[in-house]
Amino acid sequence: MEMSDTHSGPGGALAQFWTLSVEEVCGRLGCGTSGLTAAEAASRLERFGPNRDAESRREGWPRAVLRRLLEPLSLILLSAGLVSVVTGDEVGGGIIVAILTLSIGLDTVQEGQAIRAAEVLRQSVALKAEVLRDGASLQIDVEQVVPGDLLRVRAGDIIPADALVLDAAAFTAGEAALTGEPYPVEKRSPTAGSKGGDTASLLYRGAVALSGEATALAVGTGRNTVFGAAAAALAGPQEASPFQRDLHAFGLTIARLTLGLVVVVLAARMIVGRDLLGSLLFAVALAVGLTPELLPMITTVTLSRGATRMARRKVIVKRLASIHDLGAMTVLCTDKTGTLTAAEIELNRSIAPDGAEDSRPVRLAAAAAELGGDRGALDEALRKSLPDSATGWSLKGRRSFDFSRRTGAILANGPEGGILILKGAPEQVLALCARTRTGACVQPIEAEMRAAVQARIRSLAGDGLRSIAVASRPWTKGAVELGAEDERDLIFEGLCVFADPPKATARSAIARLAKAGVSLKILSGDDPAVVQHVAGLVGQDAVTVLSGDEVAQLSDEALAVKIQTVDAFGRLAPDQKSRIVRALQAKGAIVGFLGDGINDAPALQAADVGLSVDGATGVAQAAADMILLAPDLAVVADGVEEGRRTFANILKYVRMGASSNFGNMLSMAAASFVLPFLPMLPTQILLNNLLYDLSEIGIPFDGVRADGTARPQVWDMDGLIRFAAVMGPLSSLFDALTFGTLYGLRATPEAFRTAWFMESMATQILVIFVIRTTARPWADRPGGALVASSMLALLAALILPFSPLGASFGFEPPPATTLAAIGAIVVAYLATAEMLKPFALRRDVRPCRPRARHSGRPGRR
Ligand SMILES: Nc1ncnc2c1ncn2[C@@H]1O[C@H](COP(=O)(O)OP(=O)(O)OP(=O)(O)O)[C@@H](O)[C@H]1O
Ligand SMILES: [Mg+2]
């Protein structure tokens, strides 16, 4: 790894702190090693700035406006407007500029609000860091950490700042995403008098605390860190979802079509010798009319609105686009503890090797948990069951719990003198035991006893009770780093048995998910027998429970086939959880993963939508796309519905464009070849587009019928093409009818344009009430906001030609007969659209798609 020599930041932060001793670092930072006062921390926050990546994605409104202004179409329009003004057409030019201003303003304000709302929500689940302030341990937002802070980092945390380790116990860090080092890196305090240069005492912001615990002095925060922005794990990524990418591709297709059309129209008009500026303006206006320029805004607003609604149902969305993925999810994989079962694990009993109740196993286990345990539910339960278990004990060494070995050990001095205590999954612990205890007696462990213990564990599991085994060994040597050779020849002390009852709500939530087309798989590290029992209680009749060992035997292909029929897994290692997620994805499933531990982080990363819970480990929260404030499957079922609503509303917008708007613009282009005059003036087309956009503002707030959220939804281009193939020609047919009628009525060019403007507005706007639902329009009432935005826009379009303002747009009120004819055409169009709707809307979304190219989301760790 190369470290830059120029590492020094604003506020005179520390250059190359890794070459300095602790004393020198403290000297330069102007602090001690006992934490800051609140006042000092506040002034440092002022000086060094918040601990976040500086390119905070928040864009101010001037930049948001500028970005839109610099888009090619806006630029052309603006220059066209200016040319008009210069060449004497002040009114036309003014209108163009006004319309441009209005639509950019509308877009900016709406999107800005949406982004802010989502940001506020995201902040509410910001990662926390533990610091010492005014002598007391505090949980603060990671952004508030300043150089000089004394940090406490524990397994499962994301390291909040570059820091120098002062004290460490069995602490390892995962730095793969930063340095590429794939294995856990051990961290310890610098040896006394060392002149630094020792990366073993450096913690990097954004790395993961994998095991143990450390106290460290923060030296660099924000971008002023060794890896700067690479530590983006803390920032919360916001990549596009597959759905958004599809939408973008769709937008591009339209843009290409538009470009082609514009060139053809322009060329044709030039050849027949029409005036250049007028033709250019007409072509550009057509392009504006065709461009789905509201697509990004509608997507963002719809998503943000979805996020707000989900927050009310206690789901905080970190990555907005994941709302779609949740709606598209076909399989939900979940951890067991805390989601299927209540998070409150309780000690049920403590039993000696012979099966008799005996407090010794729990006394040893609780002392181990107190002295060197983790933040997991099991250690928590042990500490609660015997609060003073560690009085009279002192810790000498520890090996923190490790998910691949499923055991953890401590070395301590207790009432009996030096002792090594090891606890963990019974199979693993028993394998390390050579002896067993009966009262004060220790004798070799017999095969029958092993069998009897296994049978006891199985029968307890049948009652839904989970066991861990406890073993020990007298320790006469001094303190050492515990290694595998120390953890042999142990004395089996007995079992601690825990009750972890299933959640009352789990069963109905799973049924609801199943009804919504989402199947559930349980991916647990627990004993398969316990998993099977819990699965049965929540209504998942898991006939077979595949164990981690069995999973390890299968090739990727075989696994992908096998898991189609297996719904529960036990004794999985962390990487097996992610392997199962990927195997499901390989068969086309859109996979969600719900988990809270360090052992769940890889699977959360691999899943299409990662769900974690409030209070989960930092890594799990950082890897997740959504955080559940209530760790409850019912909340996930709500979220799925919300995701599908969001999807359905965006689809309405896309369909709307594909039915009338697009068709109208095409007809206009065609008409311009046939007519001796422009079928609509450029300013009229722009106005048409603006009012159409306004009418759509209500879409994100519209309701969606139950049948619209019943199945998992993914973007389906074929379905959309089918829709356009039915609705597009229909629109063109009625345009031709309008055209013919106006021609037949010998309308003046002005009246012709006005009438066509009105017809075009009415069909474009009103068709939403036909296509927004598969039901009859009157059977499925539209949302108030949509009715309001549509009606206001329509009203404006119908009144304007008759108002004093109409003349400046080149409108001329058409005679009553023309109006009546136009009205009849609009009604006929809507009725026909309603009749053809069942063909157009048939299977617009597919339940599943094969994903050969899926490779997770880019840029995520
Ligand atoms: N702190 C601990 N001390 C001793 N044993 C532990 C500890 N934590 C976990 N284990 C053992 O390791 C196994 C797997 O751990 P854990 O239950 O946390 O995995 P998991 O996949 O998160 O399971 P779950 O699905 O129940 O959440 C446990 O069943 C238990 O036997
Ligand atoms: Mg767990």
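Please read every residue number as a count from 1 along the shown chain.
Just so it is clear, glycine is given a Cβ too, placed from its N, Cα and C backbone atoms.
What TrEMBL annotates here:
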DOMAIN    16-89  domain 'Cation-transporting P-type ATPase N-terminal'
TRANSMEM  247-268  transmembrane segment
TRANSMEM  280-304  transmembrane segment
TRANSMEM  720-745  transmembrane segment
TRANSMEM  783-803  transmembrane segment
TRANSMEM  815-836  transmembrane segment
Completion exercise
Reduced to three DSSP states, the domain 'Cation-transporting P-type ATPase N-terminal' (16-89) has 46 helix, 1 strand, 27 coil
Problem - Intrachain neighbours beyond the transmembrane segment (247-268), with Cβ under 8 angstroms and 6 or more residues off its ends - result: 240, 279-280, 282-284, 286-287, 290-292, 295, 299, 650, 654, 657, 662, 666, 669, 672-673, 715, 717, 720
Problem - Per-residue pLDDT averaged over the domain 'Cation-transporting P-type ATPase N-terminal' (16-89), given as an integer - result: 80
Practice task
Mind checking which residues of the chain, 6+ beyond the ends of the transmembrane segment (815-836), have their Cβ under 8 Å from one of its Cβ atoms?
Solution key: 659, 726-727, 730-731, 734, 737-738, 741-742, 745, 747, 751, 755, 758-759, 762-763, 766-767, 770-771, 776-777
